[in-house]
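According to TrEMBL, the protein has these features:
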type	residues	note
BINDING	30, 45, 75	Mg(2+) 4 binding site
BINDING	30, 75, 209	Mg(2+) 3 binding site
BINDING	47, 75	Mg(2+) 2 binding site
BINDING	47, 122	Mg(2+) 1 binding site
BINDING	54, 259, 309	substrate binding site
BINDING	121, 122, 146, 211	ATP binding site
BINDING	212	Mg(2+) 5 binding site
DOMAIN	28-138	domain 'PurM-like N-terminal'
DOMAIN	150-295	domain 'PurM-like C-terminal'
């Protein structure tokens, strides 16, 4: 199967409804064209997934299609942006029809679920690598940045942590045990918090998506904002299934394991109190921003917690 037949058969259908008010030209030309509405900023990000680094060898292509798009969109969620379109650069060792069918189906399901359309891309031969660039928009000057946290802000997360990281230990396990399956689902089908991120525009002081572990990603906010923080380990939300599977290791996973794709936000106490009850219910307060640089942990020994993920081996 040639490159253009591969694109026509598996990916052109994802772009069939590409024309929108913002995406005025989709696949089929040298470039796509996006129109940015007045009063909006363009927000874009790229994520790359490499076999053997971000997912195991022989990982289900159906899961991978969903996962690849979801983790890229999570960056839009962290900025409070509304998704518009994405491009896909796919490097394949071979054009396997079964693999491509599964991947395209997973990608299509995620595209539909998150309201984003394929604008174009590229395919080539080589080790399995998936790069997705996502485009979104947000009201001008309103994107939630990492650099806005202020002393006194509360630190909140949007959901349970640690389960996706725990799932790495048994990704290839066919055990139908419902406890394991609940944990596995957190890895296979991450849910970027798009609606929640958009609701927090103008309210959250800072935000980041939790891709490399809470401690590592919160540190990015602290560095960008030139502040410190105190976390309460006793308040970190975890799935009951994680605690059943991992016992004493659950907290370490919740603090340091990546792939959760929840949001970590900083928000002023009075702003949090003024949120709707439904929105407040989605947020768990786990700590507070401090003026003094550094990160301290109440209820656990920070020295006993392993560092978060870093591609080039630096402990974070």
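Keep in mind that glycine also has a Cβ here, set from the backbone N, Cα and C atoms.
In the three-state DSSP scheme, residue 259 (substrate binding site) falls into the coil class.
Across the range of the domain 'PurM-like N-terminal' (28-138), the DSSP-based residue counts are 37 helix, 46 strand, 28 coil.
For residue 54 (substrate binding site), the same-chain residues 6+ apart in sequence whose C-beta sits under 8 angstroms from its C-beta are 48. Around the Cβ of residue 45 (Mg(2+) 4 binding site), a 10 Å sphere holds 19 further Cβ atoms from the protein chains shown. In the three-state DSSP scheme, residue 209 (Mg(2+) 3 binding site) is classed as strand. Note: residue 75 (Mg(2+) 4 binding site) has non-local neighbours 45, 47, 134, 209, i.e. same-chain residues 6+ apart with C-beta under 8 A of its own C-beta. The average pLDDT computed over the domain 'PurM-like C-terminal' (150-295) stands at 94. For the pair residue 122 (Mg(2+) 1 binding site) and residue 30 (Mg(2+) 4 binding site), the Cα-Cα distance reads 11 Å.
Between the C-alpha atoms of residue 121 (ATP binding site) and residue 30 (Mg(2+) 4 binding site), the distance comes to 10 Å. For the pair the residue listed as 'Mg(2+) 5 binding site' and residue 259 (substrate binding site), the Cα-Cα distance reads 7 Å.
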